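Note sheet for the following structure.
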Amino acid sequence: MTSTSFFIIKAISFIVFVYNLASSDWSNLSRVLLFIISFFVFLLVTNVYQRKVKIVTLGYLVYFFLAFLAQNVGPYAIIYNSHIQNLIQRFPNICVPNDHYTLYFLIFIFVSTVIYIYLLCIDKISIEQKVWVYMPTRQEARKIMMAFFIILLPIWILGNRSYATILVPFTSYFIISIWKYPFTRKIVVFIIGFIASVLILISQLFSRFIFVQYVFPFILIWFLNNGLLFSRKEKISYKVIGFFLLFCSLAILYGIISEMMKLNANFDGNYTFNDMFEVLSEPQLLQNWLSRQTYRIFDIWSHLGGNIIDYIDQKGYLWGITYVKSFAPILGFDYVSLPLISANMIGADYAQPGLVAEGYANWGIYGAIINMIFVFFVAELLFDYFLRKQSTLNLLLYIGTFSQVLLDGGTINSIIFMSIFCFLTCLFNAKIKF
């Protein structure tokens with residue numbers, strides 16, 4: 001019986017597939033056929049994943065969001081993207097990539113094949129397996145609070161935006177503890193941690209991308225615990241559905257308000273709440289806004305990544321130096337930052353080009369395939385490890401690390417840094433289970 005979460009994902013993928021197929025230029029029949037093949041390959045892998053794993057893990061979300069939507073559908077639809085055409089009209093000097101869909105298609109097929117073979121080799125996961133058995137403790141909270149004052153907070157303050165997300169594991173732990181476990185609401189250390197977490201979130205409220213990185217992990221943990229990401233025999237309650245709809249509504253509202261504030265602060269805009277209500281009440285304006293958000297979440301990786309692919313095709317491969325760029329002065333090679341190169345092409349300050357472009361820039365198509373597969377398998381291994389040894393560190397490593405990967409198009413560096421942040425958060429916890 002198809003679980004709710006897999007059904008929703010299949011429905012979304014089908015709608016996206018039909019919409020893009022209807023927008024296609026059928027004179028380029030070979031390109032359309034490749035897209036159709038990719039969709040059925042995605043469904044094949046999804047069905048096998050559902051049968052063998054039975055639950056939507058973050059590893060699967062890496063495959064769905066990054067491999068399929070961002071790095072397959074996005075590159076296919078980029079030549080039909082009206083938002084990019086508007087950007088070209090507004091900023092004539094902005095770089096627009098060549099059509100690389102054939103390359104992206106091959107990468108997607110190779111990645112899907114590896115995942116398919118992996119699924120055939122693993123045993124089925126028991127649906128009755130307990131997913132959430134650990135409980136937060138007073139001693140654990142005290143040691144995380146100690147790490148906050150001694151290590152995390154000083155780095156957060158002194159590092160400024162360079163370490164803006166170092167407190168993500170801390171806020172995730174205390175917000176979920178207070179939210180999900182009523183007994184923690186009577187314990188002082190949990191109350192202090194929760195208040196500190198809320199203040200941290202408020203401090204990042206006007207920096208939308210950073211704020212979302214703080215909110216996304218504990219939302220994923222909440223979904224994990226309530227069964228939205230996990231297939232269960234019982235039906236999802238109306239309370240959970242209501243929360244999900246409320247969250248979507250608040251996300252849209254926050255997105256509109258934060259965008260208006262950004263335009264007012266950085267581009268001398270003069271937008272007010274009346275403009276917000278106008279966007280919400282006018283279907284065409286709301287559709288245009290949603291189109292821009294879709295571009296920023298998914299399509300932008302085709303734009304930025306395509307620019308990097310064009311750049312590398314002209315300049316040559318970087319042979320791994322972007323992975324160790326922080327050691328450039330020590331090792332004696334030039335400092336090369338793909339986000340800075342990518343940003344320069346579109347007139348921005350910082351623009352992460354995504355997993356495929358990062359891998360391609362260093363090792364060509366082989367690097368792109370390995371990059372995507374590596375992130376998927378690390379997510380799967382951490383999920384398996386969390387199931388076997390459920391602890392705070394393992395939970396934060398699993399959720400916190402990959403929420404950032406899903407949000408920023410995926411980079412190996414984001415996995416490394418967030419893993420370090422998780423270890424620092426649990427550094428004084430003597431009961432970490434390894």
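Cβ coordinates are placed from backbone N, Cα and C, and glycine is handled just like the others.
Per TrEMBL, the features are as follows:
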{"type": "TRANSMEM", "residues": "7-23", "note": "transmembrane segment"}
{"type": "TRANSMEM", "residues": "29-49", "note": "transmembrane segment"}
{"type": "TRANSMEM", "residues": "61-81", "note": "transmembrane segment"}
{"type": "TRANSMEM", "residues": "101-121", "note": "transmembrane segment"}
{"type": "TRANSMEM", "residues": "141-157", "note": "transmembrane segment"}
{"type": "TRANSMEM", "residues": "163-180", "note": "transmembrane segment"}
{"type": "TRANSMEM", "residues": "187-205", "note": "transmembrane segment"}
{"type": "TRANSMEM", "residues": "211-229", "note": "transmembrane segment"}
{"type": "TRANSMEM", "residues": "236-257", "note": "transmembrane segment"}
{"type": "TRANSMEM", "residues": "363-383", "note": "transmembrane segment"}
{"type": "TRANSMEM", "residues": "412-430", "note": "transmembrane segment"}
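Long-range Cβ contacts of the transmembrane segment (163-180) within its own chain (Cβ-Cβ under 8 Å, at least 6 residues beyond either end) map to 136, 141, 144, 147-148, 152-153, 155-156, 190-191, 193-194, 196-198, 200-201, 204, 207, 210, 213-214, 217-218, 221-222, 225, 392, 396, 399-400, 404, 417-418, 421-422, 424-426. Most Cβ pairs within less than 8 Å of the transmembrane segment (61-81), among stretches 29-49, 101-121, 412-430, belong to 101-121.
Annotation: stretch 101-121 has the most Cβ pairs under 8 Å to the transmembrane segment (29-49), among 7-23, 101-121, 187-205, 363-383, 412-430.
Across the candidate stretches 7-23, 187-205, 363-383, the maximum count of CB pairs under 8 A to the transmembrane segment (101-121) is reached by 363-383.
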